[in-house]
Amino acid sequence: MAPGAVAMASVAAATTWRLVLLLLLSIAGLGAADGPRPPNILLLLMDDMGWGDLGVNGEPSRETPNLDRMAAEGTIFPNFYSANPLCSPSRAALLTGRLPIRSGFYTTNGRARNAYTPQEIVGGIPDDELLLPELLKGAGYVSKIVGKWHLGHRPQFHPLKHGFDEWFGSPNCHFGPYDNRARPNIPVYRDWEMVGRYYEEFPIDVKTGEANLTQVYLQEALDFIKRQQAAQHPFFLYWAIDATHAPVYASRPFLGTSQRGRYGDAVREIDDSVGKILGLLQNLRIAENTFVFFTSDNGAALISAPKQGGSNGPFLCGKQTTFEGGVREPAIAWWPGRIPAGQVSHQLGSVMDLFTTGLSLAGLAPPSDRAIDGLDLLPAVLRGRLTDRPIFYYRGDTLMAVTLGQYKAHFWTWTNSWEEFRQGVDFCPGQNVSGVTTHTQEEHTKLPLIFHLGRDPGERYPLSFASTEYLDVLRGITPVVQQHQKALVPGQPQLNVCNQAVMRRQARVGQGHAGLMTWRSRRGQTLAPAGPACESRPRDGTCLCAPCSTKMGGSSVPVSAAPRNPQSTVGMA
């Protein structure tokens, strides 16, 4: 079937499944007098958690009993992918259902350059992007984000301006601590108000790994669920915590309890928290009307492993790369009484699918005025029906690879530069594969490296160019990629420019105004906003600012390298 016909068939199937779902809910007696009440939606998004971190995926210490039970009671997706090997673009894709290059979550400052949203980034999620919570309002949902936003720091990028009704968390990860001179510690917000900063009002002991943040985030989730159940509102809860991102942390009762060290302590606390959330849904008797999905934003950061990073199982490399270890994620769907227990779905899935699936659960159609890359997963989880589709992998503005069926074709291979590698920055420790894990950007657009992921999940043995299998696969993949590239309209890049004034003047947006608050140091001194400046970070491979001699606001601006805690430069975003 032609790709266009496949897309039309998918739209028709999604419409049919929305009708079937509403009928099922109505029969189950979950509807109100004026129509069926749509199910609650709970997305549990982890940070830098690897495919191999769950016992159900083969982690030998088996320290995730609640997640393993969740898989046994629901559906596990062994072939589920992030939309990018770095967290900001992946999170933008989850909430928009679109590849990051469509929404502008990339940089053009260099080929295949990863980028995210540090404190000083100027860009963020564009106003014309439609996010899942925004659209769910049309079905009466109340939405909350708990944890890491990572889609921009400035007032116009605040999550409550993009559909969320409540927020407790931070616009960034818990990098730091900083000296509050050149750089402030990262703020924590409750809705519009800044309520503190990491390492200050929300302490994290980098030496011991002790922090109570996961418990705080857990309580925020439990309280929100209770309130919405009491009010009889359908809810969308986006629980985006970051304990497994370096520097990893856990609360005191979990420190030292894992066979896997501090990272394992963080995973154990997350597992315990997931168990408490699912338990509350059951105690409130709303589990059968709540769709829960667990996954991660990108692969484990092997650069931080083993003490501060996780496991990608049998897959090649990790975060920052488009090899399987950087983009294949743990994924579990749970919906008692709706999703058959103990099911394994071989649907090729993506975090972008959670956008389309969320809309389908609410009885809503995806926007028709833009390209949507996410697929509705309900046919797969409710009836085991699989849909053929490609998965495209980008680094920055560069299409690196595509998966179609069991085959993955690499058009470019690159881990990171020789300069970074010689400085100890290694995204694929102990996994050198000659001609594959390259430290120069190698082009394969004419003859891509093709792997059969069923026989070779570790991407170590590319198919022979001369084989009939290779030629057959190439003939199938080529038109799919050509059609994608021909139709692609990239968004305006949001991750090109940094300005220290953004971080020096943290947003504090009140009801009815959009003012900026000059940030204060931990000693209470008011510090003047910095002038425009661009910061280069050659070591970590995630520099976002324009090259050294850039123009901002009509004047030439020199590069300045603000002091940083060395631990916070490893495994950025």
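Any Cβ shown, glycine's included, is placed from N, Cα and C.
Note: TrEMBL annotation is automatic and uncurated.
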Q) Looking at 259-279, 448-468, 553-573, which one is region 'Disordered' according to TrEMBL? A) 553-573
Q: Quick one: of the recorded positions Asp47, Asp48, Cys87, Asp297, Asn298, which has its CA closest to the CA of His150 (active site)?
A: Cys87
**Q.** Cα separation, Cys87 (active site, nucleophile) to Asp47 (Ca(2+) binding site) (Å, whole number)
**A.** 8
**Q.** Euclidean distance between Cα atoms of Cys87 (active site, nucleophile) and Asn298 (Ca(2+) binding site), Å
**A.** 6
Q. If one measures from the C-alpha of Asp297 (Ca(2+) binding site) to the C-alpha of Cys87 (active site, nucleophile), what distance in angstrom results, rounded to a whole number?
A. 6
Q: Could you measure between Asp48 (Ca(2+) binding site) and Cys87 (active site, nucleophile) for me? Cα positions, answer in whole angstrom.
A: 8
